[in-house]
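S.K.: Sharing a structure with you now.
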Amino acid sequence: MASRSRNPFRSGLPYSPSHGTNLMLADLYNLVKSVLFDREYFWHLAGLLAVGELVLGTLIIQKIPYTKIDWPAYMQQVGMFLGGERDYSRIDGETGPLVYPALHLYIYTAFNRLLPSPDSVRPAQYIFLIFYVVTFLLVAKIYHLAGRPSAPNSTAKHYPQALLIPLTLSKRAHSIFLLRLFNDPIAMLFFYASVVVMMTGTKRGWRAGCVLFSLALGVKMNILLFVPALLVLLFQYRGVYGLLEGSAAIAAIQLLLPAPFFLSIANPRLTIAYFTSAFDLSRQFLYEWTVNWRFMDEELFLSRERAVLLLAGHFSVIMLFVAFQWSPVPGGTEAVVMRGLSKFSKAPIDFSALTSAHIPLTLFTANLIGMTFARSLHYQFHSWYFHQLPFLLYSGGAWGSPILGVALWGMIEWAWATFPSTVNSSIALLAGHIIILAGLFFNSNVGAQTNKVEVRSETMEKKVQ
């Protein structure tokens with residue numbers, strides 16, 4: 001009787017074709033699972049996705065027509081600046097007056113100088129493709145650093161590289177970067193760079209982070225939505241003196257950027273014109289472009305009462321997170337504030353008491369609160385938080401349910417992809433934001449290290465170089 005054949009690589013196990021196939025499928029499954037979720041393979045998948053985005057972005061630029069929206073207006077505004085106009089309130093284009101800070105104007109002036117002509121859009125698209133990929137890599141770095149323990153004997157929640165996959169799937173994101181050439185992606189690129197250096201936890205990192213943060217603000221004022229969280233973080237990680245230093249650096253850069261051209265002691269009207277144009281918080285939005293409030297009529301949309309209620313809601317929710325979520329250490333916010341005020345030069349929380357995820361989680365949450373209570377969201381504003389959504393969902397916004405997380409991401413992405421916006425798409429967008437914020441408030445527990453590090457005693461010192 002012939003003996004049964006055996007797999008030479010698995011001694012002692014009966015071999016059959018079906019058994020071998022099952023083993024191969026099991027090995028393939030384990031490999032895919034490792035590539036998607038094991039930290040050691042994080043940059044393998046991130047690198048593959050970045051290369052894929054380069055290829056896809058090139059195809060989009062080559063095959064899909066550029067959409068003429070704000071680029072001509074940007075170039076017209078640059079033309080007036082190069083022509084000698086220094087009254088910011090008089091600089092305008094076909095879509096209206098210049099309502100962005102000075103660095104925006106300088107960046108698009110550089111485009112004007114570098115390109116063969118203001119109408120040479122194709123080269124600019126490839127520059128924006130570089131912006132797109134660099135932004136992706138910066139965001140990937142944030143996700144990777146978020147899973148890094150802040151102390152040798154502590155653990156941190158790993159943010160798997162699978163969370164990066166949704167960042168490559170958005171039709172709206174590719175459109176904003178590659179086909180519209182808006183300034184929003186440039187502001188966010190500076191912002192994500194600031195988060196990366198802040199997460200180093202050093203004094204130098206926080207100082208460089210504040211500089212980059214202010215440069216982001218110098219492109220577009222939506223960066224103001226992150227300010228409440230940044231102030232909290234500066235106080236926690238650097239104390240009162242660090243908070244004042246960081247705030248002063250941000251303010252100084254906002255004065256230095258426009259100073260050579262638009263600020264004048266001899267003619268204060270130029271200074272007033274700059275700040276009232278570049279940081280116009282009373283600016284009215286057009287109902288026809290709203291993505292988030294289509295379910296209400298235009299009269300209510302434009303009403304002052306609604307604007308006041310939204311501002312009050314924004315402030316109230318921020319304060320709830322400040323009081324109950326953004327100091328996830330023993331004693332909470334009260335203990336942190338008391339220790340911070342007792343010694344201005346010392347940080348009230350030990351660096352090792354918080355995970356690296358605390359920094360982006362706090363900043364991203366503040367931004368989502370601002371977008372939830374925004375008087376209006378336009379389609380390009382999608383880039384303000386698109387890269388942050390998987391992070392927020394994984395941090396508690398999905399209430400611990402992967403299925404709900406996928407559903408919320410899909411619902412929000414569908415709302416942004418619907419053009420023009422509808423009653424249903426606006427309701428879906430607002431509902432998605434509210435569900436995520438509630439999840440972050442009631443379920444977020446990734447801020448503190450799991451080794452039960454205590455809040456500083458009077459003799460503890462923050463050890464940063």
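Positions of Cβ are set from backbone N, Cα and C atoms, glycine also.
As annotated in TrEMBL:
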TRANSMEM  41-61  transmembrane segment
TRANSMEM  126-146  transmembrane segment
TRANSMEM  177-199  transmembrane segment
TRANSMEM  211-235  transmembrane segment
TRANSMEM  247-266  transmembrane segment
TRANSMEM  307-327  transmembrane segment
TRANSMEM  347-370  transmembrane segment
TRANSMEM  391-412  transmembrane segment
TRANSMEM  424-442  transmembrane segment
S.K.: Give me the stretch from 126-146, 177-199, 211-235, 424-442 with the greatest number of Cβ pairs under 8 Å to the transmembrane segment (247-266).
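M.R.: Highest pair count goes to 211-235.
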S.K.: Hey, would you say the transmembrane segment (424-442) packs against the transmembrane segment (41-61), going by three or more CB pairs under 8 A that are 6+ residues apart?
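M.R.: No, these stretches are not in contact.
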S.K.: Contact between the transmembrane segment (347-370) and the transmembrane segment (126-146) is defined here as three or more C-beta pairs under 8 Å separated by at least 6 residues; is that satisfied?
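M.R.: Between the transmembrane segment (126-146) and the transmembrane segment (347-370), contact is present.
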S.K.: Cβ pairs under 8 Å with the transmembrane segment (347-370): which stretch of 41-61, 211-235, 307-327 has the most?
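M.R.: Checked against 41-61, 211-235, 307-327; highest Cβ contact count belongs to 211-235.
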S.K.: Report, as numbers and ranges, which residues of the same chain sit near the transmembrane segment (307-327): CB under 8 Å and 6 or more residues beyond its ends.
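M.R.: For the transmembrane segment (307-327), the sequence-distant neighbours (Cβ-Cβ under 8 Å, at least 6 residues beyond its ends) are 228-229, 232, 236, 333, 335-336, 349, 362, 365-366, 369-370, 372-375, 437, 440-441, 444, 447.
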